[in-house]
Amino acid sequence: MFSQTLSKIINRKDLSREEMDRIFSDIFSGNLTDAQIGAFMAALATKGETFEELAGAAEAMRRKATRIQAASPVVVDTCGTGGDGAHTFNISTTSAFVVAGAGICVAKHGNRSVSSKCGSADVLEALGVKLDTQPEVAEEAVNEIGIGFLFAPLFHGAMKYAIVPRKELGVRTIFNMLGPLTNPAAANCQVLGVFAPQLTEMFADALNLLGARRAFVVHGHDGLDEISVCASTRVSELNDGRVQTYDISPEHFFEDRARPEDMAGGTPSENAQITRHILSGKEKGPRRNVVVVNAGAALVAAGKAEDLKAGVALAGQIIDSGKAHEKLEQLIEFTKSNG
């Protein structure tokens with residue numbers, strides 16, 4: 001069965017969602033060798049993934065994950081693929097606290113850095129959030145304070161079977177795409193940044209197959225895997241089973257475009273300070289702007305704002321009210337008390 005599937009991909013034939021699910025179920029059950037996994041990943045990357053293949057792989061990974069139950073019918077995630085090489089501060093992580101400050105349930109899925117100096121887990125750890133807590137603590141945080149951090153290694157133990165082939169290949173594969181599609185709380189409203197413009201529709205279509213309610217899949221034309229305030233952004237919006245793709249520009253929300261260097265991040269401690277300054281209301285410039293526009297999209301996805309302009313305005317109000325910073329402090333205290 002594996003040889004037939006591999007031959008199909010080598011001959012540049014797409015797999016069905018079910019075929020992909022079967023292969024990844026075998027990977028995550030330890031039924032394939034490192035050589036087989038490596039050959040499959042390389043052949044798939046050469047052919048190019050489809051949205052059905054992405055969805056099939058994500059379904060297999062979701063089944064193997066440690067799941068948590070969110071009490072809210074609306075659950076937001078702001079996890080992206082990473083890999084944009086932009087070395088910005090942690091925009092999506094900071095925006096997650098703004099969304100939570102609006103009273104929306106946030107299950108922030110993330111990991112340590114892969115391609116930058118500081119991933120979501122790194123900055124949260126620098127802020128004082130305890131990462132190595134049991135999954136039930138994350139579940140309690142999501143349900144009791146409205147935001148929890150789902151540290152990927154604690155929820156996706158089956159990924160251990162892909163560690164060696166991924167490391168030895170050393171190139172980007174489908175595994176670099178699965179994180180935002182495999183939230184352990186089954187987040188159904190997302191702002192999902194991707195590392196290439198051609199991926200926005202593919203991810204939106206995959207999210208649709210996976211049952212998402214509403215999502216904005218975004219790629220800044222400056223290369224950012226976020227909604228950019230330095231350049232226009234390609235958006236594939238999933239709403240009620242339909243995907244629409246369009247561009248938005250910073251001028252739609254703000255008077256001036258920012259400079260790429262305004263988005264620069266640094267070490268985890270430096271990025272933690274940036275996040276605190278934004279959430280406490282001290283930061284009033286481009287860094288705040290990029291956070292409120294990304295948080296604003298999440299507020300629209302969650303049904304809290306009518307459109308992006310209203311979402312941006314609401315995100316700014318939440319920061320100014322102190323509610324976003326309060327959510328950060330609550331998460332820090334909760335993980336320390338329950339770790």
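Using the three backbone atoms N, Cα and C, a Cβ is placed for every residue, glycine included.
As annotated by Swiss-Prot, 5-phospho-alpha-D-ribose 1-diphosphate binding site applies to G80, 83-84, T88, 90-93, 108-116, S120, with the evidence given as sequence analysis. Under DSSP, T88 (5-phospho-alpha-D-ribose 1-diphosphate binding site) is assigned to a strand (E or B) in the three-state scheme.
Annotated anthranilate 1 binding site per Swiss-Prot: G80, N111, in sequence order, evidence recorded as sequence analysis. Listed in sequence order, G119, S120, A121, F151, A152, P153, G179 are the same-chain residues six or more apart from N111 (anthranilate 1 binding site) with CB atoms under 8 A from its CB.
Annotation comment: Swiss-Prot describes S92, E226 as Mg(2+) 1 binding site, evidence class sequence analysis. The Cβ of E226 (Mg(2+) 1 binding site) lies under 8 Å from the Cβ of G80, T88, I91, S92, G193, V218, G220, V290, N294, each of these being in the same chain and 6 or more residues away along the sequence. In three-state terms derived from DSSP, E226 (Mg(2+) 1 binding site) belongs to neither a helical nor a strand segment and is classed as coil.
Taken from Swiss-Prot, the feature anthranilate 2 binding site applies to R166. Cβ environment of R166 (anthranilate 2 binding site): M41, T173, F175 lie under 8 Å away, each six or more residues apart in the same chain. According to DSSP, R166 (anthranilate 2 binding site) is assigned to a helical segment.
For D225, E226, the entry in Swiss-Prot reads Mg(2+) 2 binding site, with the evidence type sequence analysis.
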> Does DSSP put R112 (5-phospho-alpha-D-ribose 1-diphosphate binding site) in a helix, in a strand, or in coil?
Replying inline: coil
> Hey, what's the Cβ neighbour count for S92 (5-phospho-alpha-D-ribose 1-diphosphate binding site) at 10 Å?
Replying inline: 26
>> Same chain only, sequence gap of 6 or more: which residues have a CB within under 8 Å of the CB of H109 (5-phospho-alpha-D-ribose 1-diphosphate binding site)?
In response: D77, C79, L150, A152, G179, P180, T182, N183, P184, A185, A187
> How big is the Cα-to-Cα gap, in Å, between D225 (Mg(2+) 2 binding site) and R112 (5-phospho-alpha-D-ribose 1-diphosphate binding site)?
Replying inline: 16
